[in-house]
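Q: Below, the features straight out of TrEMBL:
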type: ACT_SITE; residues: 208; note: active site, nucleophile
type: BINDING; residues: 236, 237, 238, 239, 258, 259, 260, 261; note: substrate binding site
Ligand code: ASP
């Protein structure tokens, strides 16, 4: 049975590199990179992820099909994953050390260079909508915490009790990491960086979500949404809401990152893809691969989705897996999880 399903899946899986220009990719998404191993995955769980990614791609695609704008396709695709408990964004976000869900999101429109982001929010049902509201309806680019929540409420966005975001699975993950923390001495040091590591989140899976879309006008937008990393502390903010690190778009390319955020911030990862294309004339694929290589050299891990103005997509990552998918102009869906 497993073999037959595997065969069907591989027949359905069309190599992204083999996409022709005529059937260019119009939307790419990710549901996070990390230690996603086939041996730890059940068929049911894998199906649930594939189904959720398919709905996300379909919702975003509908916007493009209607002649809508790329940023709205990104928002629709991300909203589906924020509402799903499977992903570390919106409902299903990971927990902080104190047992809270603190959410981050960002959105950027390439051709206008408009950007919006929120960080450390605890009551906004869909943080990507708040990022969009910051982008369109404020003079700012980034709002945090209470201020962002007050703004979102004034913008008429749905506000929920912090308990809305809680899922049993993420709660258990926190308990597991807290157990490991107890085994560590107070002043633990990261073996790679020798830096003070007051908390342990290295082993945890990631699971951030992101999308990049290319609309009929040739405009590109990118967005990212996350709960951050399990056991984060002291108001820690990762790369996801940071324009240039977690999200970036210009007229040529759009990028959304996922992985160990500290490294993506230091590498200015999402912007670096655009910069390598601009200054070094690399293709979007080469640029993405180069950036992930740099992240690895720094000691970090994760991945990114890259979509350029020609509809060429790439999905570089250096983890065991990354939930990822694409849909072409003609509606052909491809979903992949492992290396
Ligand atoms: N990049 C996110 C962060 O560091 C985590 C993730 O991608 O899952 O907050």
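The backbone N, Cα and C atoms fix where each Cβ goes, glycine too.
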Q: Largest pairwise Cα distance, Å, within the listed substrate binders 236, 237, 238, 239, 258, 259, 260, 261?
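A: Taking every pair among 236, 237, 238, 239, 258, 259, 260, 261, the longest Cα gap is 16 Å.
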Q: Would you mind reading off the Cα separation of residue 238 (substrate binding site) from residue 208 (active site, nucleophile), to the nearest angstrom?
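A: One finds 11 Å between the Cα atoms of these residues.
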Q: Name, in the order they occur in the sequence, the residues of the same chain whose CB lies under 8 A from the CB of residue 208 (active site, nucleophile) and which sit 6 or more residues away.
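A: The list for residue 208 (active site, nucleophile) reads 30, 32, 87, 88, 89, 224, 225, 226, 227, 240, 246, 257, 258, given in order along the sequence.
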Q: Can you go through the binding-site residues 237, 239, 259, 261 and pick out those with a C-beta less than 6 angstroms from ligand 1?
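A: What lies within reach of ligand 1, judged by Cβ under 6 Å, is 239, 259, 261.
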Q: Can you see whether DSSP assigns residue 261 (substrate binding site) to helix, strand or coil?
A: helix
Q: Helix, strand or coil: which one is residue 237 (substrate binding site) in, per DSSP?
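A: Its secondary structure by DSSP: coil.
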